[in-house]
Structures are given as C-alpha cells and as structure tokens.
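Pulled from TrEMBL:
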TRANSMEM  40-60  transmembrane segment
DOMAIN    47-504  domain 'Major facilitator superfamily (MFS) profile'
TRANSMEM  103-123  transmembrane segment
TRANSMEM  135-157  transmembrane segment
TRANSMEM  192-213  transmembrane segment
TRANSMEM  225-244  transmembrane segment
TRANSMEM  306-330  transmembrane segment
TRANSMEM  342-364  transmembrane segment
TRANSMEM  376-399  transmembrane segment
TRANSMEM  411-438  transmembrane segment
TRANSMEM  450-471  transmembrane segment
TRANSMEM  477-497  transmembrane segment
Amino acid sequence: MFRSSHYNANVFFTSPKLVAEDIITQQKFMEVPIKYPAKLTLRVVLTCIMAATGGLIFGYDHGVSGGVTSMDSFLKKFFPSVYEKESNVKPSSNQYCKFNSQILTLFTSSLYLSALAAGLGASSITRMLGRRATMIMGGIFFVAGALLNGLAVSIWMLIVGRLLLGFGIGCANQSVPIYVSEMAPYKYRGALNMCFQLSITIGIFVANLFNYYFSKILNGQGWRLSLGLGAVPAFIFVIGSFCLPDSPSSLVERGLHEDAKRELVKIRGTTEVDAEFRDILAASEASQNVKHPWRTLMDRKYRPQLVFAICIPFFQQFTGLNVITFYAPILFRTIGFGSGASLMSAVIIGSFKPVSTLVSILLVDKFGRRTLFLEGGAQMLICQFWQQIIMTIAIAVTFGTNGNPGTLPKWYAIVVVGIICVYVSGFAWSWGPLGWLIPSEIFPLEIRPAAQSITVGVNMISTFFIAQFFTSMLCHMKFGLFIFFGCFVVIMTLFIYKLLPETKGIPLEEMSMVWQKHPIWGKFLESDNPIQNDKMNSKC
Ligand code: BGC
C-alpha cells in the first residue's frame, strides 16, 4: 500500500501552482509504502461480530418469507385465491403459473421498498449522529415489524409489519457494513466485514429450519412463530448496538477527537496510532468541506465509486440467487416436489451458504477480492447452464410444455438440489459477501454515508424487482428463467475483470490510489487532471 495525499489534493484544488506541487508530492508519496500498526484485538473482533449480527435480521427475513408463503394454512388465511389455485381446488391451467399472484409477491417485496426509503434517509443520521444510532433505530423497527407480523389477523397487519421490517433492514444495511470496515484493521477488513454476510446466511438458514419445523405444528399456526421469532435476533442487535463504541472515523467526523483517538488506541491494541489518526483527521477535514454529499457524489472524480455503488448491488441481485432464497419451496413445488420436501430442500440449500461464506472469510484477505469474484462468477455460470438443462428436462418430462401436473423421479430431485447447492456456494463466497464488502471500503469518508445509501437503495430496488416479478417471470419465461440470469452473470464477471481494482490490504484512507493506478479508471481520472488540461489548453 502507498502513502497518498488524496485529501490534500482536494484542499488545494483551486490554485494551479499548489495543484502542481501537490501532484508532485503525490507522485513522490505514491512510492512510499506505509503501514498502520494494528493488532487483531479481542475488542475489535467482538465489536465487529456484534455489529455484524445486524445481518441476522436481514437474512432471517429473506429466509422466512418464501417458506411462509408456501404454507397452506398461511395462504388459506391471507391469500385464499392463491391457495385454491395451488391446492388444485381451482387448478391453474399452467403448472408454472399456479403461484403467480402479485398480491402474494407483494407480501415478500413490500419490505424492500421501505428498506429503500430507510436506506436513503439513514445517510444523514449515520453522518450526523453516528453509525451506532442508525443501527439501534434499525433494530427497534425490526422488533416492531416482526411482532406485528407474528400477531397478524389481517392483511394490513402483514403489510405494515413488512414495511417496519423494511425500515429496520434499510437502517441496518446502511450502517453496519461501513461501521465494520471503519473499525477493522485494514489487513483483516475483508474477513471482519464478511461476518455481516455470514450473519445474513445464518439468518436465512435458521429461518428455513424454523419454517420446516413450524409448518408441522400448532394446527397450522406455525407461520406465526416463523414470522414473530424474527424479533429475537433484532432484540439482540438492539442491545448489542447500545453497548458498541462508535467508530473513530465517525467520532472524528462529529468533532469528538479525543474520544476517537482513545477508541483507536483500544481497537488497534497499540499507542502507535498517530499515522492512522492523522489520515482520519485529514479525511474528516475533507469531509467537513463537503456540504452536499449527494451532489458531491456526482463529481467526475467520484465516478468510479458511483459506478460501483450502483453496479455491485444491481449485479448481486441479478445473479438470480434470491429466486432460490425466496422461492426455493415454490420453485420445487412447481417442478413436482411435495410441500415437506420443498421446505427440506430449502434447508439443505440454506446450509451451504454459511459454510461457503466461512471459506470466503478465510480466503478474502489472502487471495483478494477479484479472484473470488471471478471464480464465483464462473462457478455460477456453469451451474446455471446445468440447472437450466436439468430443470428444463425435469419440467418438460414431468409436466409437458403445457404444464399438466405429474410426478418427478427421485434421482432428478437429488440432481436439481445438488446443482443448486454448488451454484449457491459460488454466490456465497463471491457476490454475496463482496456485494457488501466492496462498497463499504471504496468510498472516501466525505461521500461514504451517501454512497452507501445508494448501494443499499439499489440493492433493495433490485431485490424488490426479483421478489415481485419472479412468479410472473416463471409463468411467462418458464424454464428460460435461468438463461436470463446466466446472461447477467457473464456481463458482471466481465465488468469485474475489466473495471475492479484489487482493494485487498489497502487502508481506507489510501484507497483513492487504486483508481489512479487502474489502467481504465486511471486514464478516466487523468483527463480530469488540471495540469494536463492546462497543457492541452496551451497547445491549442
Ligand atoms: C444479498 C441477499 C442474499 C443473501 C444470500 C446477500 O448479500 O444481499 O440479497 O439473499 O446475500 O446469501
């Protein structure tokens, strides 16, 4: 990693002489490697793990909604028309369309709209009151939403509950990833940040398990437990967040310099924190000069960060993974699995996610982000290809193209679930965790909360799209669905290959250098360089 003077460059931007001096200094600095001394202290590990439990609530919700919407008792109570179609009381003429109900998918997707709004709003709170305040708020919203859903007696209680859960998730996802990245020593940032994703996957897995067991108990009221128990991880998250210190960057940003330095000493386990503290101060100074972070984010010099803030979450959702997360039980029932087998398959698939995320945690700071992205992309693509073929054959052989119901041979079911597990692992060690890690580490402090809000917003709107339109995509595209997502996986893998610089082992305050050294972004940013422009003008 290299010494950068990114922030000085901003301060002197108006004077050509100083700009020239600054650029020379910058070039000199670029060759001087710096290291912030830091130990992996117990305090930093516990702090990051505690904050990362915010992922549990996001994951729990992802996992719970698909299972609940495939439970007959739940459908009968809130969506009787879907129940009639699905249970063959009034059979749909097409097997692919029996779960196609916009109101049913609205149950799953409404949450992502409120998460989008909350994610955008949370940016100011995160900036002015700190990361911790946003986390506490998020947890409280989630507790309220989970309880309302568990006690729901009418559809409006379900929808309002979902909206509250969405507010919770928007706040948590906006604040937790940047909090963890700011707290973590740069060498371990990847692994510690990925604990957030690990919590997401554990949340999904636990929700899948609960759905499986609760669907069989309480006279069909088990869905209440599935939905209501989401309050437990949220409660843990609220209590945990109350106990957490705020990050040094956030404390400095709010003028609490003494507290920030004290905290830095504690989390780094050394008193030699001057270099890092100076860089945080410089970053914060640049941040204070930015009065309108949203407008500033549009500046040309932040174009690489903006592109990634939008494309990473968009592509993450268009891997098609959430089709499996939300609707695996529905998808399996569509191709002929029974209700219990569908929920069990979701549990098996769900168990692959945390295990693969652990693999990623072990590898990310060693092999880097790009390697994981490229390997994961290739693995998903190969599986999508086979998934496509196997599903196509399974559905076509069993139901025929007009969708007349039949039964699926057992070995087919095993192959389908097996391929989906390999596909899910590919996602779970690449786009899953990196989808949150990369944005949290590439934004400079002055635009960090605003840019993270964009990431959360794009993630939520894309998740909404998938959640809302999946059943009608299945109904219309039939088995072409996996080709659709396969095309996106090709595009996103090329995108990473060409445009993402390696960010492994670079301190957050030094991150601007990676763009300047990148063959494509470097040229793009150079064309913004005032010295070059001056030269060009004088030639003219
Ligand atoms: C994504 C979720 C996804 C989960 C699955 C997260 O990173 O944002 O949409 O369901 O990973 O592992």
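For all residues, glycine too, the Cβ spot is worked out from N, Cα and C.
Unlike curated entries, TrEMBL annotations are predicted automatically.
Proximity of the transmembrane segment (103-123) to the transmembrane segment (342-364) is not established, fewer than 3 Cβ-Cβ distances being under 8 Å for residue pairs spaced 6 or more apart.
Ranking 135-157, 306-330, 342-364, 450-471 by CB pairs under 8 A with the transmembrane segment (192-213) puts 342-364 at the top. Listed as Cβ neighbours of the transmembrane segment (450-471) (distance under 8 Å, sequence separation of 6 or more from its ends, same chain) are residues 97, 99-102, 104-106, 108-109, 112-113, 115-116, 119-120, 122-123, 126-127, 166, 169-170, 173-174, 177-178, 293-294, 296-297, 302, 305-306, 309-310, 312-314, 316-318, 320, 322-323, 326-327, 330, 435, 439-440, 443.
Confidence in the domain 'Major facilitator superfamily (MFS) profile' (47-504), given as mean pLDDT, stands at 86. Between the transmembrane segment (40-60) and the stretches 135-157, 225-244, 306-330, 342-364, 411-438, it is 225-244 that has the most C-beta pairs under 8 angstroms. If one looks beyond the transmembrane segment (135-157) by at least 6 residues along the same chain, the residues whose Cβ comes under 8 Å of a Cβ in the stretch are 51, 54, 57, 78, 118, 122, 125, 163-172, 175-176, 179, 224-225, 227-231, 234-235, 237-238, 241-242, 244.
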